[in-house]
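Quick look at what TrEMBL annotates:
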SIGNAL    1-26  signal peptide
DOMAIN    20-225  domain 'GH16'
ACT_SITE  GLU109  active site, nucleophile
ACT_SITE  GLU113  active site, proton donor
CARBOHYD  ASN117  N-linked glycosylation site
Amino acid sequence: MEKRYSSMAAVLFFVAALMVSSSITAVPTQSFEENFNIMWSENHFTTSEDGQIWNLALDNDTGCGFQTKHMYRFGWFSMKLKLVGGDSAGVVTAYYMCSENGAGPERDEIDFEFLGNRTGEPYIIQTNVFKNGTGNREMRHSLWFDPTKDYHTYSILWNNHQLVFFVDRVPIRVYKNSDKVPNNDFFPNQKPMYLFSSIWNADDWATRGGLEKTDWKKAPFVSSYKDFAVEGCRWKDPFPACVSTTTENWWDQYDAWHLSKTQKMDYAWVQRNLVVYDYCQDRERFPKMPWECSISPWA
(Lines of atoms letter the chains of each structure in order from A; the text may use other names.)
(Lines give C-alpha, C1' and ligand atoms only; values in the text may rest on other atoms or scores of the structure.)
Protein backbone atom coordinates (compact mmCIF):
# COMPACT_ATOMS: atom_id res chain seq x y z
CA MET A 1 0.00 0.00 0.00
CA GLU A 2 2.75 2.45 0.98
CA LYS A 3 4.59 1.65 -2.26
CA ARG A 4 1.40 2.41 -4.23
CA TYR A 5 1.02 5.82 -2.60
CA SER A 6 4.74 6.62 -2.99
CA SER A 7 4.94 5.82 -6.70
CA MET A 8 1.75 7.68 -7.56
CA ALA A 9 2.77 10.65 -5.44
CA ALA A 10 6.11 10.88 -7.22
CA VAL A 11 4.43 11.09 -10.61
CA LEU A 12 1.86 13.65 -9.56
CA PHE A 13 4.38 15.76 -7.65
CA PHE A 14 6.15 16.43 -10.95
CA VAL A 15 2.89 17.30 -12.68
CA ALA A 16 1.52 19.42 -9.85
CA ALA A 17 4.78 21.33 -9.63
CA LEU A 18 3.99 22.76 -13.06
CA MET A 19 0.73 24.33 -11.94
CA VAL A 20 0.31 28.06 -12.08
CA SER A 21 -1.25 29.08 -8.77
CA SER A 22 -0.41 32.76 -8.51
CA SER A 23 -4.05 33.73 -8.97
CA ILE A 24 -5.25 31.54 -6.08
CA THR A 25 -4.42 33.75 -3.16
CA ALA A 26 -6.95 32.91 -0.45
CA VAL A 27 -5.33 32.68 2.97
CA PRO A 28 -6.66 31.12 6.18
CA THR A 29 -9.31 33.34 7.73
CA GLN A 30 -9.56 34.03 11.44
CA SER A 31 -10.69 31.61 14.12
CA PHE A 32 -13.27 28.84 14.16
CA GLU A 33 -15.67 30.97 16.22
CA GLU A 34 -15.48 33.82 13.72
CA ASN A 35 -16.30 31.57 10.76
CA PHE A 36 -18.46 28.67 11.95
CA ASN A 37 -21.26 27.42 14.15
CA ILE A 38 -21.56 23.86 15.49
CA MET A 39 -24.62 22.23 13.94
CA TRP A 40 -25.06 19.42 16.46
CA SER A 41 -23.25 17.46 19.21
CA GLU A 42 -20.96 20.16 20.52
CA ASN A 43 -19.48 17.61 22.93
CA HIS A 44 -18.10 15.74 19.88
CA PHE A 45 -16.15 18.81 18.77
CA THR A 46 -12.67 19.61 20.13
CA THR A 47 -9.79 21.87 19.17
CA SER A 48 -6.04 21.80 19.59
CA GLU A 49 -4.61 23.80 22.47
CA ASP A 50 -3.91 26.77 20.21
CA GLY A 51 -7.34 26.52 18.56
CA GLN A 52 -5.90 26.07 15.08
CA ILE A 53 -6.94 22.43 14.56
CA TRP A 54 -10.61 21.38 14.79
CA ASN A 55 -11.69 17.78 15.39
CA LEU A 56 -15.05 16.14 14.68
CA ALA A 57 -15.76 12.78 16.33
CA LEU A 58 -18.19 9.97 15.54
CA ASP A 59 -19.24 7.25 17.98
CA ASN A 60 -22.17 4.88 18.23
CA ASP A 61 -24.34 7.68 19.64
CA THR A 62 -23.81 10.47 17.13
CA GLY A 63 -21.51 12.34 14.82
CA CYS A 64 -20.84 16.07 14.63
CA GLY A 65 -20.87 18.90 12.15
CA PHE A 66 -20.30 22.62 11.61
CA GLN A 67 -21.33 25.27 9.10
CA THR A 68 -20.23 28.75 8.10
CA LYS A 69 -22.03 31.71 9.62
CA HIS A 70 -22.30 33.33 6.20
CA MET A 71 -23.68 32.29 2.82
CA TYR A 72 -21.79 32.86 -0.42
CA ARG A 73 -22.62 32.94 -4.10
CA PHE A 74 -19.50 32.05 -6.09
CA GLY A 75 -15.88 32.08 -4.99
CA TRP A 76 -12.95 29.94 -3.86
CA PHE A 77 -13.42 27.76 -0.76
CA SER A 78 -10.61 25.74 0.75
CA MET A 79 -9.89 23.62 3.83
CA LYS A 80 -7.18 21.24 5.00
CA LEU A 81 -8.42 17.86 6.24
CA LYS A 82 -6.84 14.80 7.81
CA LEU A 83 -9.23 11.87 7.62
CA VAL A 84 -10.02 9.05 10.03
CA GLY A 85 -7.14 6.58 10.12
CA GLY A 86 -7.17 2.80 10.52
CA ASP A 87 -10.40 0.88 10.03
CA SER A 88 -12.88 3.55 8.90
CA ALA A 89 -15.38 1.36 7.02
CA GLY A 90 -18.86 2.88 7.05
CA VAL A 91 -17.63 6.31 8.14
CA VAL A 92 -18.23 9.32 5.90
CA THR A 93 -16.54 12.68 6.33
CA ALA A 94 -18.48 15.24 4.32
CA TYR A 95 -17.17 18.64 3.19
CA TYR A 96 -19.76 20.43 1.12
CA MET A 97 -21.74 23.53 0.24
CA CYS A 98 -25.52 23.72 0.44
CA SER A 99 -28.22 26.35 0.03
CA GLU A 100 -30.13 25.06 3.09
CA ASN A 101 -29.37 23.99 6.64
CA GLY A 102 -31.11 20.67 6.02
CA ALA A 103 -31.41 18.36 3.04
CA GLY A 104 -34.46 20.15 1.69
CA PRO A 105 -36.23 19.04 -1.48
CA GLU A 106 -35.25 22.19 -3.43
CA ARG A 107 -31.66 22.53 -2.30
CA ASP A 108 -28.56 23.24 -4.38
CA GLU A 109 -25.47 21.42 -3.18
CA ILE A 110 -21.80 20.82 -4.03
CA ASP A 111 -20.30 17.76 -2.30
CA PHE A 112 -17.00 16.27 -1.31
CA GLU A 113 -17.63 12.99 0.55
CA PHE A 114 -14.75 10.87 1.83
CA LEU A 115 -15.76 7.21 2.06
CA GLY A 116 -13.91 5.21 4.69
CA ASN A 117 -12.59 1.70 4.22
CA ARG A 118 -11.10 -1.31 5.94
CA THR A 119 -7.53 -0.98 7.17
CA GLY A 120 -5.07 -0.95 4.28
CA GLU A 121 -7.66 -0.16 1.64
CA PRO A 122 -7.60 3.29 0.01
CA TYR A 123 -10.12 6.03 0.68
CA ILE A 124 -12.53 6.93 -2.11
CA ILE A 125 -13.62 10.53 -2.76
CA GLN A 126 -17.18 10.92 -4.00
CA THR A 127 -18.25 14.24 -5.48
CA ASN A 128 -21.79 15.21 -6.39
CA VAL A 129 -23.75 18.25 -7.59
CA PHE A 130 -27.40 19.06 -6.83
CA LYS A 131 -29.67 21.56 -8.55
CA ASN A 132 -33.13 22.20 -7.06
CA GLY A 133 -32.95 18.97 -5.10
CA THR A 134 -31.82 16.72 -7.96
CA GLY A 135 -28.44 15.04 -7.62
CA ASN A 136 -27.42 11.62 -9.01
CA ARG A 137 -24.32 13.22 -10.54
CA GLU A 138 -21.76 11.19 -8.65
CA MET A 139 -18.11 10.74 -9.52
CA ARG A 140 -15.66 8.70 -7.48
CA HIS A 141 -11.88 9.01 -7.43
CA SER A 142 -9.03 7.27 -5.70
CA LEU A 143 -6.13 9.32 -4.32
CA TRP A 144 -2.40 9.38 -4.94
CA PHE A 145 -1.62 9.65 -1.21
CA ASP A 146 -2.88 8.35 2.13
CA PRO A 147 -5.25 11.09 3.40
CA THR A 148 -5.04 9.80 6.97
CA LYS A 149 -1.31 10.45 7.39
CA ASP A 150 -1.24 14.22 6.97
CA TYR A 151 -3.34 17.25 6.08
CA HIS A 152 -4.26 17.82 2.45
CA THR A 153 -6.13 20.72 0.88
CA TYR A 154 -9.58 20.26 -0.64
CA SER A 155 -11.00 23.21 -2.56
CA ILE A 156 -13.98 24.29 -4.63
CA LEU A 157 -13.86 26.94 -7.35
CA TRP A 158 -17.40 28.08 -8.16
CA ASN A 159 -18.41 30.70 -10.69
CA ASN A 160 -21.16 30.96 -13.30
CA HIS A 161 -19.03 29.13 -15.87
CA GLN A 162 -17.71 26.11 -14.01
CA LEU A 163 -17.37 24.18 -10.80
CA VAL A 164 -13.93 22.69 -10.19
CA PHE A 165 -13.08 20.27 -7.39
CA PHE A 166 -9.42 20.48 -6.36
CA VAL A 167 -7.23 18.23 -4.22
CA ASP A 168 -3.94 19.92 -3.30
CA ARG A 169 -4.54 22.40 -6.17
CA VAL A 170 -4.96 19.50 -8.64
CA PRO A 171 -8.33 19.60 -10.47
CA ILE A 172 -9.98 16.20 -10.13
CA ARG A 173 -13.43 17.12 -11.49
CA VAL A 174 -14.68 19.86 -13.80
CA TYR A 175 -18.43 20.53 -14.03
CA LYS A 176 -19.29 23.10 -16.68
CA ASN A 177 -22.23 25.42 -17.23
CA SER A 178 -23.64 26.29 -20.67
CA ASP A 179 -25.72 29.19 -21.97
CA LYS A 180 -27.13 26.91 -24.68
CA VAL A 181 -29.74 25.50 -22.30
CA PRO A 182 -32.66 27.92 -21.79
CA ASN A 183 -33.88 26.17 -18.62
CA ASN A 184 -30.77 25.30 -16.66
CA ASP A 185 -31.67 22.25 -14.58
CA PHE A 186 -28.16 21.01 -13.80
CA PHE A 187 -25.80 23.85 -12.81
CA PRO A 188 -26.27 25.48 -9.38
CA ASN A 189 -25.75 29.18 -10.02
CA GLN A 190 -28.68 31.06 -8.46
CA LYS A 191 -28.80 30.18 -4.77
CA PRO A 192 -26.23 31.26 -2.19
CA MET A 193 -24.73 28.48 -0.09
CA TYR A 194 -23.27 27.81 3.33
CA LEU A 195 -20.16 25.65 3.65
CA PHE A 196 -20.50 22.63 5.93
CA SER A 197 -18.51 19.71 7.22
CA SER A 198 -19.64 16.69 9.18
CA ILE A 199 -18.77 13.14 10.16
CA TRP A 200 -21.46 10.48 10.23
CA ASN A 201 -22.24 6.80 9.92
CA ALA A 202 -23.27 5.60 6.45
CA ASP A 203 -22.52 1.89 6.63
CA ASP A 204 -25.70 1.16 4.69
CA TRP A 205 -23.98 2.34 1.48
CA ALA A 206 -20.56 3.98 1.93
CA THR A 207 -18.15 1.01 1.90
CA ARG A 208 -18.56 -1.61 -0.82
CA GLY A 209 -22.21 -0.67 -1.22
CA GLY A 210 -22.96 -1.34 2.44
CA LEU A 211 -21.29 -4.74 2.69
CA GLU A 212 -18.67 -3.45 5.15
CA LYS A 213 -20.18 -2.26 8.42
CA THR A 214 -18.80 0.21 10.96
CA ASP A 215 -16.76 -1.45 13.70
CA TRP A 216 -17.85 0.54 16.75
CA LYS A 217 -15.09 -1.02 18.85
CA LYS A 218 -12.75 1.29 16.91
CA ALA A 219 -14.73 4.43 17.88
CA PRO A 220 -14.40 7.32 18.30
CA PHE A 221 -13.58 8.07 14.67
CA VAL A 222 -12.02 11.52 14.30
CA SER A 223 -11.47 13.77 11.28
CA SER A 224 -9.39 16.93 11.71
CA TYR A 225 -9.48 20.32 9.99
CA LYS A 226 -7.44 23.49 9.76
CA ASP A 227 -6.69 26.50 7.58
CA PHE A 228 -10.14 27.37 6.26
CA ALA A 229 -9.81 29.97 3.51
CA VAL A 230 -12.45 31.69 1.44
CA GLU A 231 -12.56 34.37 -1.24
CA GLY A 232 -16.14 34.76 -2.35
CA CYS A 233 -19.16 37.00 -2.59
CA ARG A 234 -20.80 37.07 0.84
CA TRP A 235 -24.59 37.09 0.66
CA LYS A 236 -26.17 39.87 2.72
CA ASP A 237 -29.95 40.17 2.91
CA PRO A 238 -32.04 42.03 1.96
CA PHE A 239 -29.90 43.54 -0.81
CA PRO A 240 -27.11 41.07 -1.58
CA ALA A 241 -24.20 42.13 -3.73
CA CYS A 242 -24.13 38.71 -5.37
CA VAL A 243 -27.37 38.95 -7.34
CA SER A 244 -25.41 39.69 -10.50
CA THR A 245 -21.81 38.66 -11.02
CA THR A 246 -18.96 40.91 -12.06
CA THR A 247 -15.36 40.30 -13.07
CA GLU A 248 -13.89 42.28 -10.20
CA ASN A 249 -12.49 39.18 -8.46
CA TRP A 250 -10.00 36.62 -9.78
CA TRP A 251 -12.41 33.72 -9.17
CA ASP A 252 -14.91 35.31 -11.56
CA GLN A 253 -12.52 36.49 -14.27
CA TYR A 254 -11.80 34.86 -17.62
CA ASP A 255 -8.83 32.80 -16.39
CA ALA A 256 -11.10 31.17 -13.78
CA TRP A 257 -13.72 30.20 -16.37
CA HIS A 258 -11.45 27.53 -17.86
CA LEU A 259 -8.62 25.27 -16.80
CA SER A 260 -5.17 26.63 -17.52
CA LYS A 261 -2.79 24.66 -19.74
CA THR A 262 -0.98 23.15 -16.77
CA GLN A 263 -4.24 22.41 -14.96
CA LYS A 264 -5.39 20.52 -18.05
CA MET A 265 -2.24 18.40 -17.83
CA ASP A 266 -3.04 17.51 -14.23
CA TYR A 267 -6.69 16.89 -15.02
CA ALA A 268 -5.78 14.55 -17.88
CA TRP A 269 -3.52 12.57 -15.53
CA VAL A 270 -6.36 12.26 -13.02
CA GLN A 271 -8.78 11.11 -15.73
CA ARG A 272 -6.39 8.39 -16.84
CA ASN A 273 -5.39 7.12 -13.42
CA LEU A 274 -7.82 7.97 -10.62
CA VAL A 275 -11.43 7.84 -11.84
CA VAL A 276 -13.31 4.99 -10.18
CA TYR A 277 -16.83 5.89 -11.29
CA ASP A 278 -18.39 8.52 -13.57
CA TYR A 279 -22.16 8.79 -13.86
CA CYS A 280 -21.73 10.09 -17.41
CA GLN A 281 -20.34 6.66 -18.35
CA ASP A 282 -23.04 4.65 -16.58
CA ARG A 283 -25.35 3.51 -19.38
CA GLU A 284 -27.25 1.19 -17.06
CA ARG A 285 -28.40 4.05 -14.83
CA PHE A 286 -28.70 6.54 -17.67
CA PRO A 287 -29.63 4.94 -21.02
CA LYS A 288 -29.96 8.53 -22.21
CA MET A 289 -27.05 10.57 -20.97
CA PRO A 290 -27.84 13.70 -18.92
CA TRP A 291 -27.47 16.85 -21.03
CA GLU A 292 -24.53 18.24 -19.04
CA CYS A 293 -22.42 15.18 -19.89
CA SER A 294 -22.11 16.55 -23.44
CA ILE A 295 -20.30 19.71 -22.27
CA SER A 296 -16.55 19.47 -22.67
CA PRO A 297 -14.55 20.10 -19.47
CA TRP A 298 -11.62 21.19 -21.65
CA ALA A 299 -13.35 24.23 -23.16
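Yeah, the Cβs are placed from backbone N, Cα and C, and that goes for glycine too.
Keep in mind that this is a model prediction, so the values were computed, not measured.
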- Same-chain residues six or more away whose CB lies under 8 A from the CB of the residue listed as 'N-linked glycosylation site'? SER88, ALA89, TYR123, ILE124, THR207, GLU212
- Average model confidence [pLDDT] within the domain 'GH16' (20-225): 92
- What is the Cβ neighbour count of the residue listed as 'active site, proton donor' at a 10 Å cut-off, with all protein chains included? 19
- Item | Count of other CB atoms lying within 10 Å of the CB belonging to the residue listed as 'active site, nucleophile' | 22
